[in-house]
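Asker: Quick one: the structure is below, questions incoming.
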């Protein structure tokens, strides 16, 4: 069994970024394990014309170490694309390119091992280490001993109860849209449910596939959401400061119960639609409605889906909806459904065996994750369990944001080193999130803070 300083479980952008930063520190042995055979990032939503919703500097390393060999700019240099990107004049890079960049980076990191699914993690009391057991696609098993682990398993597509029915007609989560788009184009009536960016991108793609001739023959798209409208995501410069280390630190000072209440009211900071996507959809509808024509897309807000059933043997659905304000009900028929209903954390089963005995839990049964991204130990042990992309009620709306990944990883690496190698305490925002009387510079993390982690 091989011993490591850190074992990363899951290789998404955040753990990949951690592996990238650790590649600069040869004294810290590490291994990262991923079930998939290779890195892929939201492959079902890498549609033509789609971009990241954050600037390219939200890559794996730049916000912690701009000179790192695995930065996006160095990726461009290696692939002879610097001048092309220079003339591209757009901070928002294509999703296809971001995925290719991450795959390129993963291929430079020998610590990343794909095709190994972590099936169990147990705590070894004698050494205060974690025994990580993985299984390959062929069934072979491997064990690793690590003093610390970093959980980066990410989220899984969420389908509400009404969508969990068996049917022959297409009923899919938006994460499947890319690979099933052709199938949808053959259906006469398609309904998209949800009003976030993923829903809007699915609607735009379907609308681009829908010709005026198809509309004249009866084809149509319905876009339904329970939200009050199809609203844009907050993207003002001061609004973006909620995605900084400053706000993350401030948010973590708030009482846990209050945090959950606050996050519930901050949806449009990260759940809305980009202005450009809204504009493209509206402009297409405007153009296609010239002369009183039907543009082929109907939008319905404040309509909550309550029931879904197959419409006999016709290969279609009946959707039961309720209008939130009118409290009136209606039934609509459709031949296919795209449920853009978001994602939920899918914590691995083995984590349950560590809760209580090794890791503290809160009154809701969740891990207690500190401002340093460590899950609090219940047994007094010194080995750390770092949590990547914890729920937003731990660290605020920026927890899943790519732009904060490098900062979080810098904090983690500093703890593994036992010193502040990466500067993580500098103020990053103009606004102050606390009281005026507390407008002081961020306190420095002392050497003692790092010493206990080394």
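All residue numbers here begin at 1 and follow the chain in the order shown.
Using N, Cα and C of the backbone, Cβ positions are placed for all residues, glycine too.
Among the features that Swiss-Prot reports, FAD binding site is placed at 7, 8, 9, 10, 11, 12, 13, with the record citing sequence analysis.
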Asker: Across all the protein chains here, work out how many other Cβ atoms are within 10 Å of the Cβ of residue 9 (FAD binding site).
Answerer: 27
Asker: By a simple count, how many Cβ atoms lie within 10 Å of the Cβ of residue 12 (FAD binding site), its own Cβ left out?
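Answerer: The answer is 22 other Cβ atoms.
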Asker: Tell me which of the binding-site residues 8, 10 sits in the most Cβ-dense spot, judged by other Cβ atoms within 10 Å.
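Answerer: Highest number of other Cβ atoms within 10 Å: 8.
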Asker: Restricting to the same chain and to sequence separations of six or more, state which residues have a Cβ under 8 Å from that of residue 13 (FAD binding site).
Answerer: 41, 60, 102, 402, 405
Asker: Counting only residues 6+ apart in the same chain, whose Cβ is under 8 Å from the Cβ of residue 7 (FAD binding site)?
Answerer: 30, 31, 32, 33, 130, 132, 144, 146, 148, 149, 150
Asker: What does DSSP say about residue 12 (FAD binding site): helix, strand or coil?
Answerer: coil
Asker: Tell me, how many other CB atoms lie within 10 A of the CB of residue 11 (FAD binding site), whichever protein chain they belong to?
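Answerer: So the number of other Cβ atoms within 10 Å of residue 11 (FAD binding site) is 28.
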